[in-house]
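Take a look at the structure set out below.
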Amino acid sequence: MTTVKPLLYYVNGSIPSWRVQMALFEKNVDFDQIRLKVMSHPKETRTPEFLAINHRGKTPVLVDGETRINESIAILHYIEDYLGPARPLLPPLTERSNRARVLARIQETENLHIAYDNLEDAHFEAANAGHVLSQETRAALVQMVYEELDFWEKYASEADYIAYSDFTLADAAFFPFLGYMLRRGFEWQDSRWPHLKRYYEKVWERDCAQRAQPEGWNGRGRVNVFKGTRGGAQPIYEQHERPEAAR
């Protein structure tokens, strides 16, 4: 009897898709992928065929036999429960406090999600309106991201990984935010986030991080939402479409 592999619909550079890919690769799950493009017209996530799979028109979506599941955090838990059992990504049930911490950190990543999305949304909304986001507004939004990262600096100082002594679902949920922000112009302040920087470098050495790295992402991107520049130091005035990557 032929076994059908799990199938992941994903968007390249999408934080939610990236999370799921890291977990699948870490657990050595044999799966197939279909990449959908969202910077094309029409978006491939808005086709009738894909909307029949996820009516919200968003990735990731994991199809495993007769089971179909969307929403990245939900998919992470599904992967843990049903795929790659030889490599668990949660502490054992007997380690109640450790398991609770990992579960909490998975959910806490949404705080960074919100803080960063506010910055990127404001950046692209200003660009689409034909002007540059004011320095005062940008600085306030960047500060909110930095203050959220301060919490994660503390977490990174307390364990080998972001919540536990080993790589867990919390790392799969969190690490892509750092990778995405670095692509968008984030710069480390070694005196402020030394443990977080070391954490990033440690996770980057893992095979799952290397394999899940978005295709074509070598170095920084053209748009810097932290400084409001493109291609070096020029303000952004041209029309932009806000990508769905951080969604």
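Even glycines carry a Cβ here, placed using N, Cα and C.
No curator has checked TrEMBL annotations; they are predicted automatically.
Lifted from TrEMBL, the feature list:
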- 4-87: domain 'GST N-terminal' (DOMAIN)
- 101-225: domain 'GST C-terminal' (DOMAIN)
DSSP residue counts for the domain 'GST C-terminal' (101-225), split into helix, strand and coil: 84 helix, 2 strand, 39 coil
Integer average pLDDT (0 to 100) for the domain 'GST N-terminal' (4-87): 97
Secondary structure content, the domain 'GST N-terminal' (4-87) (per DSSP, counts of residues): 30 helix, 16 strand, 38 coil
